[in-house]
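Asker: Supplied in structure tokens, the structure appears directly below.
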Amino acid sequence: MAKILGRPNIDIVLVAAMVPLFLAGLITMKGLGNLDAFGVIDPNYYFNRQLIWIFTGFVLFFLASSVDWRILRSGRLLFSTYIAGILILAALLILVNAVRGARAWIQLGLFSIEPAEIMKLVLILVLAKYFSRRHVEIAHIKHIIISGIYAAIPTLLIFLQPDFGSAIIYVSIWFGMIFVSGVSKKHLFLVLALGILTFAVAWLFILVPYQKARVLTFLNPALDPRGAGYNAVQSMIAVGSGGIFGRGVGYGVQSRLEFLPEHETDFIFAAFAEEWGLVGILVLFTFYALLLWRILNAAFRGESNFEKLFGIGLFFMILSHFIIHIGMNLGVLPITGISLPFLSYGGSHTITLLLGLGILMGMQNYGLVSSRLGVTKDLNLV
């Protein structure tokens, strides 16, 4: 059973980087209305609900940072959690009605849960456990294959929902973690070649027409500006119209007049850029860089390779979300429906982020306790 460590040792710099990002998201979605439970347009619908998610997430963050997470080193516990997650993802495909074309959510009254978000943390923990136990012989290709199977099962289930964006995040987490685990360059090349082959097979036999249209339109959105290329075109217009200093908070034409679709989630960066301009973007990127640096710093303070690898997996999860979201908002990557960490609206995503960071703080906390007691561990990754 997990133990409570007492007063948590919170990274103040990390929290100081998170708070402005959350505020930027809240300010951007302020006034972006939607229908409430009674069918009435609520101009603060997203703002109010996101406040609830952020508050809940921070409660979990501080609770998780107070727990001794060495219990997660139990392979049996992690594997049982992994299997439970797989069963839930499989059940979604059978038992849940599609919402906006995807079987991705479990409806609980006025709120919904997206299991794919929580499963990201489970996958990171499972891969961290696997690689930390086999780090001496990790160069052997069989461990790349086995870890790839662990990642491929939830990835395939999520792809079938269909949620192409989340599937890409799962692959990014796995690839990032095998990259830092000491695999040979030859094996990395084989993995990349397999990825290209997999994409070719997916294109021919798995991708549905609207997903193919997104890829083709990405190459030239102007070919269908009112159809498949509409989202990309409107996003680029929003970013470009922000100029140096932006239109001003609340004066974004693309988002406020709803030319920009999904402005509270998939295109919140474009909505932010239109109102805050290049100056705001540079400040935003600075906070992200600070946050990612503190995550790596916390990871390398881990007591063992398991804790270090978990932190690195969390780093790659957030980084891949950031790169793909910004890329698709700028029109340099296909539209895949990826949220921007800390800015985009979404309860499951927000809680997953804060819970993951809380676990990382807890891992750092007991690592520091061990150091004070004179306990040392090998902190070198292979």
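Even glycines carry a Cβ here, placed using N, Cα and C.
Copied straight from TrEMBL:
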- 12-32: transmembrane segment (TRANSMEM)
- 52-72: transmembrane segment (TRANSMEM)
- 79-99: transmembrane segment (TRANSMEM)
- 105-131: transmembrane segment (TRANSMEM)
- 143-161: transmembrane segment (TRANSMEM)
- 167-183: transmembrane segment (TRANSMEM)
- 188-210: transmembrane segment (TRANSMEM)
- 276-297: transmembrane segment (TRANSMEM)
- 309-330: transmembrane segment (TRANSMEM)
- 342-363: transmembrane segment (TRANSMEM)
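Please go over these features one by one and say how buried each is and what sits next to it.
Answerer: If one looks beyond the transmembrane segment (79-99) by at least 6 residues along the same chain, the residues whose Cβ comes under 8 Å of a Cβ in the stretch are 105-106, 112, 115-116, 118-119, 122-123, 125-126, 150, 153-154, 157-158, 160-161.
The list of residues near the transmembrane segment (105-131) in space but at least 6 beyond its ends in sequence, with Cβ under 8 angstroms from a Cβ of it, reads 37, 72-73, 75, 78-79, 81-82, 85, 88-89, 92, 96, 99, 138, 143, 146-147, 150-151, 154, 158, 161, 163, 166, 169-170, 173-174, 177-178, 181, 305-307, 309-310, 313-314, 317, 346-349, 351-352, 355-356, 359.
Long-range neighbours of the transmembrane segment (167-183) within the same chain, counting only residues 6 or more positions beyond its ends whose Cβ lies under 8 Å from a Cβ of the stretch, are 120, 123-124, 127-128, 131, 135, 138-139, 144, 147-148, 150-151, 154-156, 158-159, 191, 195, 309, 312-313, 315-317, 319-321, 324, 336, 338, 381-382.
Through the fold, the transmembrane segment (188-210) approaches residues 141, 144, 148, 159, 162, 171, 175, 178-179, 228 of its own chain, all at least 6 residues removed from its boundaries and within a Cβ separation under 8 Å.
Note on the transmembrane segment (276-297): residues 11, 13-14, 16-18, 20-21, 24, 242-247, 249, 311-312, 314-315, 318-319, 322, 342, 357, 360 of its chain, located 6 or more positions outside it, place their CB under 8 angstroms from a CB of the stretch.
With a threshold of 8 Å between CB atoms, the same-chain residues lying at least 6 positions outside the transmembrane segment (309-330) that come near it are 120, 123-125, 127-128, 131-132, 165, 168-169, 172-173, 176-177, 180-181, 232, 235-236, 239, 266-267, 269-270, 273, 288, 291-292, 295-296, 298-300, 302, 336, 338-341, 344, 353, 356-357, 359-360, 363, 381.
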Asker: Mind checking which residues of the chain, 6+ beyond the ends of the transmembrane segment (143-161), have their Cβ under 8 Å from one of its Cβ atoms?
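Answerer: Residues packing against the transmembrane segment (143-161) from afar: 82, 85-86, 89-90, 92-93, 102-104, 116, 119, 123, 126-127, 130-131, 134, 137, 167, 170-171, 173-174, 177-178, 183, 187, 191, 206.
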